[in-house]
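To keep things clear, I will list the structure first and then write my remarks on it.
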């Protein structure tokens with residue numbers, strides 16, 4: 001595909017490519033080009049170069065150049081919230097929900113692939129695309145929804161890290177102290193990206209390796225029934241499962257597929273220097289990023305299986321009294337954790353109790369090794385969560401703050417509530433909060449999946465890389481399933497968990513109406529993006545939903561000049577063009 005770019009002599013450019021929509025030089029003014037934003041855009045100055053190889057077919061050398069973003073993305077599948085959901089799954093349902101974990105990981109891969117393709121093809125990440133495609137009010141609401149998901153995830157990550165520090169310090173450092181240490185560590189590690197992107201990616205690879213070794217150690221020591229593990233993984237059924245097990249399955253979906261992770265992944269792929277003027281280079285990038293994502297999520301899935309299987313073997317249908325006797329027998333200094341619990345009730349597991357159990361069952365080394373694994377999970381996911389927050393602010397608000405200001409702001413809005421939770425709540429009362437945070441993130445999922453599907457299904461944005469029928473069906477089905485699960489969760493919470501007071505019910509009714517309205521809004525936008533023209537005949541759709549669609553996101557317009565790698569079409573210019 002040949003690309004013709006010509007200057008008009010007054011700072012304007014005309015770009016045309018056969019088969020790709022382009023912008024006439026009459027409106028391709030300098031206002032259509034985003035000036036280089038060194039303060040704002042990550043990966044702009046130091047992108048990883050992709051080697052040119054004469055070898056046709058698969059190349060490990062090229063795969064190595066693309067390796068990195070997928071593993072950073074996969075860390076969200078290994079954060080402390082996921083680990084806690086895993087151990088609760090094993091404790092409550094034995095091995096019966098491993099197939100749900102596998103299904104959720106595969107569905108997550110489907111959406112991560114779409115998010116990565118959006119970043120590769122357009123050179124813009126998901127939040128930046130939302131800024132260009134949605135009108136102001138829904139865009140701000142969408143940003144707030146994403147921030148809620150980021151804050152919820154960050155609270156799990158920071159508290160998980162604080163619990164790990166509490167265990168490793170033998171109760172010397174309190175939870176709130178661990179929260180403060182986590183904040184300092186995050187800023188310290190984020191400074192490493194000044195020393196090169198690859199070094200930062202190696203750090204994350206090291207932390208994933210630590211998780212694999214530590215949780216793998218627990219798996220080997222516990223030695224669960226391998227046949228039961230395989231059966232739970234590939235036999236999609238759940239005999240004699242109670243409502244508690246069903247809710248746990250819902251929690252797995254909310255814990256594994258995180259909304260902010262789609263925004264993160266679409267931005268991380270921009271770290272590779274892909275020549276978007278060449279179709280074959282974009283296709284190559286999509287191909288290798290998909291392979292890398294498959295490998296990364298496979299590794300994360302295996303680590304999650306380790307955790308589920310260990311606690312399915314050790315804590316399934318175990319009472320507090322049984323674990324307490326085990327702790328006394330092994331002279332554990334943490335036996336008090338189970339002493340105050342009802343001895344006849346089954347263990348209500350969490351990260352802290354899980355670590356104490358491992359120490360009582362397999363020796364103190366198992367508890368400390370568990371703490372190291374949780375520490376690695378918390379530190380790595382906290383750092384990637386910080387990146388996600390900055391990408392969201394950068395894209396949705398088009399902020400041009402310096403990096404340290406954005407780090408400070410995004411960390412503050414997440415850490416302040418976390419600090420107060422850790423300061424005022426007892427460590428034994430955090431399990432219910434983890435379930436609540438998983439539910440909150442599950443509720444935000446449509447606000448990541450629907451925009452991703454909409455943009456990647458829009459031929460004006462993706463050109464020849466637009467979603468095919470299979471991708472559309474798979475991704476839309478996922479969104480429908482997620483919304484259905486959310487509906488079930490809300491109904492269950494209303495019936496069983498929420499006090500029957502009129503004020504609470506009124507607030508809940510308002511939230512439900514607002515939530516369904518916003519989901520409907522974004523679904524209508526998605527349908528329009530897919531090419532449905534009949535909806536435009538309705539005044540509401542044409543006025544409030546049908547935003548000006550940029551025609552510059554295909555391959556033809558990614559490099560106006562060698563010095564400009566990122567740009568946008570301003571909404572007012574696009575509005576003028578669409579009217580014409």
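Keep in mind that glycine also has a Cβ here, set from the backbone N, Cα and C atoms.
Over in TrEMBL, the protein carries these features:
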| type | residues | note |
| --- | --- | --- |
| TRANSMEM | 58-78 | transmembrane segment |
| TRANSMEM | 98-120 | transmembrane segment |
| TRANSMEM | 141-167 | transmembrane segment |
| TRANSMEM | 173-192 | transmembrane segment |
| TRANSMEM | 204-222 | transmembrane segment |
| TRANSMEM | 242-264 | transmembrane segment |
| TRANSMEM | 285-316 | transmembrane segment |
| TRANSMEM | 356-377 | transmembrane segment |
| TRANSMEM | 408-425 | transmembrane segment |
| TRANSMEM | 437-455 | transmembrane segment |
| TRANSMEM | 476-496 | transmembrane segment |
| TRANSMEM | 502-524 | transmembrane segment |
With pairs restricted to those 6 or more apart in sequence, evaluate whether the transmembrane segment (285-316) and the transmembrane segment (437-455) have 3+ C-beta pairs under 8 Å.
no
Sequence-remote partners of the transmembrane segment (58-78) [C-beta within less than 8 Å, at least six residues beyond its ends]:
48-51, 105, 108, 112, 116, 153, 197-198, 201, 204-205, 207-208, 211, 256, 258, 260-261, 264-265, 268-269, 271-272, 284-285, 288-289, 291-293, 295-297, 299-301, 303-304, 377, 380-381, 384-385, 387
Could you check whether the transmembrane segment (242-264) packs against the transmembrane segment (502-524) - three or more CB pairs closer than 8 Å, residues at least 6 apart in sequence?
no
If you count Cβ pairs under 8 Å, which stretch among 98-120, 173-192, 204-222, 356-377, 408-425 touches the transmembrane segment (141-167) the most?
173-192
